[in-house]
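**Student:** Pulled the feature table from TrEMBL, pasting it below:
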- A:HIS129: active site, proton acceptor (ACT_SITE)
- A:ASP122, A:GLU195, A:GLU197, A:ASP229: Ca(2+) binding site (BINDING)
- A:TYR124, A:ARG138, A:GLN236, A:TYR240, A:THR345: substrate binding site (BINDING)
- A:ASP229, A:LYS249, A:SER253: Mg(2+) binding site (BINDING)
- A:20-114: domain 'Fumarylacetoacetase N-terminal' (DOMAIN)
- A:121-374: domain 'Fumarylacetoacetase-like C-terminal' (DOMAIN)
2 protein chains.
Amino acid sequence: MATLKTWVSVPENSDFSIYNLPFGIFSLKNDEPRAGMAIGDQILDLAAISDLGLLEVSAAYFRQKTLNDFIALGKKITNKVRLDIQGLLVSEKSPLRNHPEVFLFQKDATMHLPVHVGDYTDFYSSIEHATNVGKMFRDPENALLPNWRHIPVGYHGRASSIVVSGTNIHRPMGQVKPNTEELPSFKPSKNLDFELEMGFIVGKSTELGERISTKNAAEHIFGLVLFNDWSARDIQKWEYVPLGPFLGKNFASSMSPWIVTLEALEPFKVQGPEQQPEVLSYLKYKGKKNYDIQLEVGMSTQTSDETVISKSNFKYMYWNMMQQLAHHTVNGCNVNVGDVMASGTISGKVESSYGSLLEISWGGKKPFKLKDGSDRTFIEDYDSITIRGFAEKDGKRVGFGEVSGTIVPSK
Amino acid sequence: MATLKTWVSVPENSDFSIYNLPFGIFSLKNDEPRAGMAIGDQILDLAAISDLGLLEVSAAYFRQKTLNDFIALGKKITNKVRLDIQGLLVSEKSPLRNHPEVFLFQKDATMHLPVHVGDYTDFYSSIEHATNVGKMFRDPENALLPNWRHIPVGYHGRASSIVVSGTNIHRPMGQVKPNTEELPSFKPSKNLDFELEMGFIVGKSTELGERISTKNAAEHIFGLVLFNDWSARDIQKWEYVPLGPFLGKNFASSMSPWIVTLEALEPFKVQGPEQQPEVLSYLKYKGKKNYDIQLEVGMSTQTSDETVISKSNFKYMYWNMMQQLAHHTVNGCNVNVGDVMASGTISGKVESSYGSLLEISWGGKKPFKLKDGSDRTFIEDYDSITIRGFAEKDGKRVGFGEVSGTIVPSK
């Protein structure tokens, strides 16, 4: 990775370095949402840069409230836009130096969902998470179900309730039935949880009947975001047999606003865990397909400043994104630009790397301490959860910013 | 129901009587898709009628490739359009009598998906079907899981792969693991099945956090379609624990092209089955919320003409649509105009009313006969499945036409 220097002022340790340049949708007061690119603590107004004649893509693609049409132009074009802007931010003679009006401050902007999500799929690809959940929900001796090492298990989630970072989440009401009760009752969820996940945004559509191979999958992945798959464990536990999670999940999922392109993450590729037994041939892959992205979860409450309650890494995933996409389409299921496919909870081997409160508090049996000395098992009203993530190598940092959300009481 | 007479020629026993007037999207050769209404074997070109100044809705709403924007105008307006047209088709002095160009023949038109489907949910609301599946997939002694009589169990399906009636379906490939094998293998599904379902189209959106009561649910239901939730049982069986069906379902679901409005079905309301034990209060309802809609499934093969293999009725549903919608939103999950919520397989008590081959052939153990004397257990290549449905009372018929599909070999 060549070293690049930009004439733009970028704070030290910024997630949005010259190596990153993620895409998002922002608005200023009284303005319509439009496309932007993050650099340091600023946003580049892509439509304004296009209006200057500095990009090969018409400003009309950037004056939209989602990135779908831009992404659908294809990687050849979207990568060129990103690299052209990188060039403009590096060149000392850049015409952008005479156009300060294309730079806006992130603190003045409201961020929106970057894409319209047609379909949302959630995988279950961390072996540590699947094992932990299996131990608690099912049989401690046979925690991992027989299909798990053969299939990147996934299920369809609700696209309509995906919200952008910063959106308050109402505690869901629902049916719960503790083991001690004979009949279910209707009440606010008591075991409200987060799930530390990452999601990828589909960048190239397929037709019904078409398959994506692990080899070609990268062409279909535009970029990644941080993802919090809020989960009401008590609702989930009662409802999920036999057809899977439903109301325990679909009240909300939160997404970080900046899509970090797969190309920006290229330098951070690493080998994934060994897969045993050998997978079927349509799931085999060559080369490094995992990504070394450091993740952390912070929890703050009405009484306590933020406490970091988990440190994990995207590289732990047993099943990688290429395998997920190959599996999802192996039966001919079609995908569309803007679809979101989330990883499932990303847990590591040690307790400090568990990606959900279900695991951290072991089903509520082991309360943990926050900074002010108070105890928690699950999320209480007005608690906030913030997920952060970044990759770093040779002093070069490519990060995601954060996805945060505060739980407010049931309506 | 007052008797109405139209001056339009409507074949005897047509599903598309003057009492029905369903909405759909059609195109003629070289034309863009646009909105139409079925009457007999003809289609009314709604944009053309609006252009004549005979409707209160601008033709721009009808010159679109989906009905979403029209439906979003709200029932007050969409019902008026339907009733205004009914009046125009009944009045002897109708200005439409001088405009034969607004009538097109269905045989000349291609039908399209009537709505853009944002999210698709599939319920599991027939107690007979859930019991039959439970007996085969799980424990014959405890076929119905403990939550089933308390929750209208449902799961999220794939919106992208919903196709209109008449679309060929490629047999899906996938992972299967028969009990006799130690390891899974990758092959074309052998146990390919249909599911006889109906689906409703959401007609009024909600915000995240909002709930729909059983009392207000009808306001949020624009109308109904026939639905075939194609299912690969061998793929489903291996993959579905613990997160539910995924690739066993998402290769395709087929939908009938004409949306029959809830208002057209009003005369066919009936009382549903008694629910025991008593449901939680958010699921209680008053009045008749089931619909007497006669359903049948025909199967034809390369050697055999169509054989009717099932006769069922939508009135058998244990959980009604109002309860499904109340449950789906009780946690604040938002719904959007165009969302599809399907019933789940509609089986009755007797074998001849089972709504899937899984049940009809009892997991493949009991082959059934087709007209030409040949045997079937599951669907073979080039077999076609056609689902039909209609309501009838006092000689007045409101029907759905059909949803059909032919299975072609794996790609």
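Note: Cβ is positioned from N, Cα and C throughout, glycine not excepted.
In TrEMBL, annotation is done automatically, which means it is predicted and not curated.
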**Student:** Please average pLDDT over the domain 'Fumarylacetoacetase-like C-terminal' (A:121-374) for the predicted structure.
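**Tutor:** When the pLDDT values over the domain 'Fumarylacetoacetase-like C-terminal' (A:121-374) are averaged, the result is 97.
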**Student:** Cα-Cα separation of A:ARG138 (substrate binding site) and A:SER253 (Mg(2+) binding site), in Å?
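**Tutor:** Here the two Cα atoms lie 25 Å apart.
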**Student:** Taking just the CA atoms, what is the gap between A:ASP229 (Ca(2+) binding site) and A:SER253 (Mg(2+) binding site) in Å?
**Tutor:** 5
**Student:** Say you check the Cα of A:HIS129 (active site, proton acceptor) against those of the binding-site residues A:GLN236, A:TYR240, A:THR345; which is nearest?
**Tutor:** A:THR345
**Student:** Check the DSSP secondary structure of A:GLN236 (substrate binding site), expressed as helix, strand or coil.
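**Tutor:** Helix, per DSSP.
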**Student:** Minimum Cβ neighbour count within 10 Å among the binding-site residues A:GLN236, A:SER253, A:THR345: which residue?
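**Tutor:** Comparing Cβ neighbours within 10 Å for the binding-site residues A:GLN236, A:SER253, A:THR345, A:GLN236 has the fewest.
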**Student:** Would you list, in sequence order, the binding-site residues among A:GLN236, A:TYR240, A:LYS249, A:THR345 whose CA lies within 10 Å of the CA of A:GLU197 (Ca(2+) binding site)?
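**Tutor:** Near A:GLU197 (Ca(2+) binding site) by Cα: A:THR345.
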**Student:** For A:THR345 (substrate binding site), which of these binding-site residues sit within 10 Å, Cα to Cα: A:GLU195, A:LYS249, A:SER253?
**Tutor:** A:GLU195
**Student:** Identify, in sequence order, the binding-site residues in A:ASP229, A:LYS249, A:SER253 that approach chain B with a C-beta to C-beta distance under 8 Å; the answer is 'none' if none do.
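**Tutor:** From A:ASP229, A:LYS249, A:SER253, none lies near chain B.
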**Student:** So around the Mg(2+) site, A:ASP229, A:LYS249, A:SER253 aside, which residues have their CB within 8 A of the centroid of those CB atoms?
**Tutor:** A:ASP122, A:GLY157, A:ARG158, A:GLU195, A:PHE227, A:ASN228, A:TRP230, A:SER231, A:ASN250, A:ALA252, A:ALA342
**Student:** Restricting to the binding-site residues A:ASP122, A:GLU195, A:LYS249, A:SER253, which ones have a CA within 10 Å of the CA of A:GLN236 (substrate binding site)?
**Tutor:** A:LYS249
**Student:** I'm trying to understand the geometry here, so how far is the Cα atom of A:GLU195 (Ca(2+) binding site) from the Cα atom of A:TYR124 (substrate binding site), in Å to the nearest whole number?
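**Tutor:** Rounded to a whole number, the Cα-Cα distance is 11 Å.
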